[in-house]
Amino acid sequence: DAEDDDYLDDENADWKSTTQGQKSVGDTTATLAWKPGETGQKKLVELFDTGEVRAFRIRYPNGTVDVFRGWLSSLGKTVTSKEVMTRSVKITGVGRPSLAEEDTPDVVSVSGVTVAPASATVAAGATTTLTFTVKPDNASDKTLQVATADPLIATVTLKDNVATVKGVKA
C-alpha cells in the first residue's frame, strides 16, 4: 500500500526553515517571446541545464535598472493556438540585488530654454530654422516638443534641437 505524501499534513514534509531577520531576494519570473533555435533561447536552456549563477538585469521603461544574481530554476513554455508564443523563465535569486531605487542619479530639472534667433519671419513656401538650447547643460531630460498653432499657416518639424518652420500661406 503506497503512502500519499504530497499533502500539507505530511509529517516529513520538506519544509523550508526561516528566522526573523533572514532575507531573500526571492524568485523573479519573466515572460519572453519564444523563438525556438534562436541564440538567446539556446543560452537560456544552457543556463537552465548547468544551474550556473549569473547576473541578470531588468531595465524599466524609465531607464532605471535592477541587477541581481541567480540561477535559472524554471524554463517553461506557453503555446496557445491564437496568441503569441511565449516562454516563461524563473530565476531564483542568490545574494543581495542592486536595486534601481538605490542607484538612481539625482534629477536635474530644466531651468530654461533659449532659442536662436529670438524671432523669425517665414514667407509662404519658404523655410527657416530655430535652434533650441536647454539649460542647464546637465539637465536630466532635455526632450523638446514643438508644435504649430495653425498648420494651415505654417508647419514645424524637430530634429535634435533644431526646428524647421515652413510657411504654408501668408
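In case you wondered, yes, glycine gets a Cβ from its N, Cα and C as well.
Quick caveat, the model's predicted, so the values are computed rather than measured.
TrEMBL lists 1-100 with the feature domain 'Lambda phage tail tube protein N-terminal'.
What TrEMBL lists as compositional bias 'Acidic residues' is 1-12.
Per TrEMBL, region 'Disordered' is recorded for 1-25.
Residues or ranges marked as compositional bias 'Polar residues' by TrEMBL: 15-25.
Broken down with DSSP, the domain 'BIG2' (110-169) shows 0 helix, 27 strand, 33 coil. Among the features that TrEMBL reports, domain 'BIG2' is placed at 110-169.
Model confidence over the domain 'BIG2' (110-169) is summarised by a mean pLDDT of 92.
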